[in-house]
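**Student:** Structure in structure tokens, see below.
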Amino acid sequence: MVVRPSSLLVLASLCLVFSIGNATKIALLPSSSRLIHRFSDEAKAICRVSRIGNGTVVFDDEEDTWPRRRTVGYYRKLLASDVQRQIMKVGSHFQYVYPSEGSKTMSFGNDFGWLHYTWIDIGTPNVSFLVALDTGSDLLWVPCDCVQCAPLSASYYSSLDRDLNEYSPSSSSTSKHLSCSHSLCELGASCKTAKESCPYNVNYLTENTSTSGLLVEDILHLATAGGPNVSNGSLQAPVIIGCGMKQSGGYLDGIAPDGLLGLGLGEISVPSFLSKAGSIRNSFSFCFDEDDSGRMFFGDQGPDRQQTTSFLPSNGNYEAYMVGVEACCVGNSCLKQSSFKALVDSGTSFTFLPQEVFQKVSEEFDRQVNATSTNDEASPWKYCYKTSSQELPQVPSVTLMFPANNSFVIHNPVFMIYNEQGLVGFCLAIQPANEDIGTIGQNFMIGYRMVFDRETMKLGWSDSNCQDLSDAKNMPLTPPQGAPPNQLPTNEQQSTPGSHAVAPAVAVKAPSKPSAASAWFISPWVGWLRLPQLIFLCHLFLSSW
């Protein structure tokens, strides 16, 4: 059945109303006062739209799971709709939710790819995992029934005081396999039967880095704080988990050896599950401090005093945390023609600017900094400087300007270099991107409470020491009484010489179905693939100072 384009708007509107019929029981036709029940045959005919193309709407001929009137399934769907309406009226159950082992995040420096991590508990009985935090991808995966995984023994790493764990669905009484017929099974078409376990394969754009295995549903153990007439307690949230049987690339060399917590906008991400269940508002935050520690919370929408900027859609869809920078400033000098789009990605260690913007910012920084420059063709960092003092000299700030004069100030946009004698120099911690899209990496997030508000589709930020959040007194660092303490590694700083050093990760998921719409999204990452070797050369170069 084909419908003329002129009917598209009416049909799409009706189908939207019925598909979230969780929100209303009846809909009013624009051209009539007649009411249509959302589970009627007329509604069914409208809502069988499966795809849009070439200016027409094509209907799917296959039967769906539309409930037959006066059956148990019919009344179950009506009740589910009422329950969802109550959730929408009352709001979220909890003000904040955080991992059951505590809200603290940590970085282990070079030993674990310079990313930030937190402990989470999965399954019944619960098993702990040290997962990397990544806003650039969606899936939560952990090493599972391993065929090819990173070493999990503490003796392999210089920063751990306990072994890392491996997940096994068969050992958890709450685990369920995800069938190939499930709506979130992207590879379902490749299955022989609909009842098979759903496979997954996620490719990242860092040196052939990938994870693959099976998707399962299990319990994520969380602690709760605040909410209407709710005391602090615990929450067992059903989520979909990647049983990562086989990893490759950076995941075998120390980057996220015990798994990765994808925080992206996809339906399969943990924030999506928690908000759809009505547990929290559809938002989360984290804060990274200069001492390599931090905090993270689900449901946090930030303080009233925070500055914000809107996320940008791509062809009408929100696919990533993309923002628009209107101008860059160095010190008190704001640069002309320095606007660009940027991904906000906690899975990238450093910040990348489009080539022309990078050139303007770095040259202005070089002009203002009061230090002796040093150059070496082997170093990937072009703007590096020597210092004879054991304290970092004053350096010019870098500011990203957003609409409505909202400013994101990076007071210390450099990283410091040490050798046996102590501090010997520093480099501007910005790299050029190949295309016109940049990345705001985690090094620019330090000292800020970063809020990813997925309800309003805005990024929020406010100065914070990540410990004293005066507007959120119910946001503890420690787990609830009786829960196991968050066992921190003995050394949270850069790994010692001779350890299994790896370079900063770029843990951004490559789109599973590249298209013209996503081509612009992929291109900036191509030039970064040799970053590990470049940073290794940089360390060799600077160690000779």
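Note that Cβ sites are derived from N, Cα and C of the backbone, with glycine treated the same way.
What TrEMBL shows for this protein is this:
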| type | residues | note |
| --- | --- | --- |
| SIGNAL | 1-23 | signal peptide |
| DOMAIN | 116-462 | domain 'Peptidase A1' |
| ACT_SITE | Asp134 | active site |
| ACT_SITE | Asp345 | active site |
| REGION | 470-501 | region 'Disordered' |
| COMPBIAS | 477-487 | compositional bias 'Pro residues' |
| COMPBIAS | 488-498 | compositional bias 'Polar residues' |
**Student:** Counting Cβ atoms within 10 Å across all protein chains shown, which of the active-site residues Asp134, Asp345 comes out on top?
**Tutor:** Asp134
**Student:** Distance between Asp134 (active site) and Asp345 (active site) at the Cα atoms, whole Å?
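**Tutor:** Distance (Cα to Cα, whole Å): 7 Å.
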**Student:** Suppose you look only at the domain 'Peptidase A1' (116-462); what would the mean pLDDT be?
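**Tutor:** Mean per-residue confidence for the domain 'Peptidase A1' (116-462): 93 out of 100.
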